[in-house]
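Visitor: Pasting the relevant annotations from TrEMBL:
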DOMAIN    C:10-87  domain 'Glycine transporter'
DOMAIN    C:101-172  domain 'Glycine transporter'
TRANSMEM  C:6-27  transmembrane segment
TRANSMEM  C:39-60  transmembrane segment
TRANSMEM  C:72-91  transmembrane segment
TRANSMEM  C:98-119  transmembrane segment
TRANSMEM  C:125-145  transmembrane segment
TRANSMEM  C:157-176  transmembrane segment
TRANSMEM  C:182-205  transmembrane segment
């Protein structure tokens, strides 16, 4: 394999891992009843959200996972998960913070996935697909391991749509000759804005949202934190 | 790694992806109640069934996934999923079509997995195992993501047996000097015929089938489409 | 990639696979009611527990899975699963044997994962992480595929803690100049002893243990075999 056209800088990668770890731990801290997790369980979910997207991305690219080539990723994810637990206690299920972090995190993971794929010469359609999988893969793993209905299949389609929109912007901008770093930043903004607007304007199919809420409420004894 | 002895032709690979996508979307369209999926959810399941087996196969072989090296796989899987949704609407849960497609798809995925493994010099026992995993892996991912009981663990053993029989035929025929392409075609036929006969003659343990049906019916509000 | 500093001997790897296969099949044989598995299902769980940890380890290291490079792994795992089924029938859910085997198996998988990572030049923090994932990954796959609550998330934290302790001992001993083989043996002992002591002294959060037992009992019609 030749030298990639583009390498994600370590600080940016760690920023994504850290924000993901905070968001994952805040989300996992909120569960009660049968889904309630102990401290280590919350930390595992934080690490999973922080590092899962990058792991899936690198497996799909056929590369050894970048997150396991240095000590920094795991230290960052673990530290971030601890911060997330403390914040969850302080802010008492701060819905807005979790949604905002989540929007930025899926934007970053999607943009990193797509950019890394393009940089390695992956064609545009699979590059978008890898970006979407990197963006939403961590949350699928989280739902499967916590025994929750996989949000993206039932109500969370706008997750995937937001991530796909950002990835398509990156691929298109790059094809038009834009610098990949600038294209990536634009992609992060596009994904995060679509995701936040979807939550603010409550964009999802009402019937499915109702089903999802009833299901999660029945199983966990609480209304889901993130408005789907 | 040296040049493989055998490469699956692109048209055959895309045919498997396309039939898998149609079958996956038809299957996913049939669910009601808590498992009901929106259009994007149905498309995701179609893509998963179309491409999941190949992804698992290449991860097990330590190769970058072939399905992500060209635009065609994702375009085929997505188009096939849309066709599957339309067909599901037209044919109103056409049981026979779904079962027939499923039999051909597991035959193709199993044969491609085993042939690719043999072509890369993998020994016969793991070559059969990779074929079985490629054949049934997509349906395991589907059940986990849809929150269904994993069919293959409870009643679908004949899935794995059918895939294993086809793979063993391929490995044996190749060891006896038969051309790998012809061996692969024979393997597809063996797997598909066993699978279809199992459905026609309703071959599975009655007690477990009853348990499975009751469980799926309780959770989804419908009797499972595919007779296990 | 340069020559690794250390290669796990085949006999040791196969011993881990075999003990894992016996333990997995004994565990899976014990389920009644909706989770009851047929013989092939029990064999699949045995193979999964025997080989899952090594597969996850090698995917994380970016290597083609060692368990699929030779016929011996699958033959050992399958034979071990058959022995496990016979033993489960003879010993009528021999709790102590299952717990003891489980402790040794997670010790071996953790030690092999960490040692192989160190031998390939992976830094210490991800080397510990890979060891923990190799140790507990098989049981996570088992729980997801059997539709059980993932034990490690709800009550089984001491699993991960035991595996992490053994892996940290290996990394530390190697950093202090100890031979990697001796360090690995010490790590196996540390993990296995912590795990067995945790079961004997019933070390886990009482509230969560109660929730887990009630949940599994409700879903499976039986009290979980392994005291969490």
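Each residue, glycine too, has its Cβ placed from N, Cα and C.
Nobody curates TrEMBL annotations by hand; they come from automatic prediction.
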Visitor: Of the stretches C:6-27, C:39-60, C:125-145, C:157-176, C:182-205, which racks up the most C-beta pairs under 8 Å with the transmembrane segment (C:72-91)?
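Guide: Going through each listed stretch, the top one turns out to be C:6-27.
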Visitor: Which residues of the chain, 6 or more past the ends of the transmembrane segment (C:6-27), have a CB below 8 A from one of its CBs?
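Guide: Distant Cβ neighbours of the transmembrane segment (C:6-27) are 42-43, 45-51, 53-54, 66-67, 70, 72-73, 76-85, 87-88, 91, 94, 97-98, 101-102, 104-105, 108-109, 112, 115-116, 118-119, 138, 142, 180-181, 225-226.
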Visitor: Looking only at residues six or more beyond either end of the transmembrane segment (C:39-60), which have a C-beta under 8 A from one in the stretch?
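Guide: Residues packing against the transmembrane segment (C:39-60) from afar: 13, 16-25, 27-29, 66-68, 73-74, 76-78, 80-82, 84-85, 105, 109, 112-113, 116-117, 130, 133-135, 137-139, 141-142, 145-146.
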Visitor: Mean pLDDT, the domain 'Glycine transporter' (C:101-172)?
Guide: 90
Visitor: In the domain 'Glycine transporter' (C:10-87), how many residues does DSSP put in helix, strand and coil?
Guide: 65 helix, 0 strand, 13 coil
